[in-house]
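If you check TrEMBL, you get these features:
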- 12-90: domain 'von Hippel-Lindau disease tumour suppressor beta' (DOMAIN)
- 106-154: domain 'von Hippel-Lindau disease tumour suppressor alpha' (DOMAIN)
Amino acid sequence: MPQEAEPPLPLVRSLPSGIPCHVVFCNRSDRVVRPVWINFRGEPQTYNPIQPKTGQRMTTFVGHPWMFRDAESDDPMRVNEKELYLPRAQNTMSQMSLVNITLPVFTLRERCLQVVRKYVSVEDFPQLEIAKTLQEDLADKPSLQRDLQCIAQRVEQRLLQERQQEQT
């Protein structure tokens, strides 16, 4: 009987590494932040929330990606002005890296959707006297999985472009 092939591992995932990185995740925002480690299978693993204007010491490893989310709304946060934090090797074992977590710059539309989602229940979206497309946008809440897929697609596109450039 033929065995089923295992699905390929996602591009965005932790890679085996014995190289530790000592970091302080610094929440520079006014929101409670949820750190999310992407494990070896590409699955998000949440860690204890970080309160506003505080930090959390962490030992992680080179090649272990992290994302950060607003703990209440699940909106993505920025980490060192990027979507994803990927630790790099440090010069010394005692060196501590500061990792700054901040709010992204939201468009007016995104910010309005956030506020309406906060104060109006999902069941009441259809009763709002707004365009159907806005009702659909409200129902389309932020999604860590969708954000991971978008990042993976961009990584895949970049790898394909680099491969094509090498062949020319």
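Every residue gets a Cβ built from N, Cα and C, even glycine.
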Next item on the list: Mind tallying the domain 'von Hippel-Lindau disease tumour suppressor beta' (12-90) by DSSP state, helix then strand then coil?
Entry: 0 helix, 35 strand, 44 coil
Margin query: Treating G and I as helix alongside H, and B as strand alongside E, what does DSSP give for the domain 'von Hippel-Lindau disease tumour suppressor alpha' (106-154) in helix, strand and coil?
Written below: 37 helix, 0 strand, 12 coil
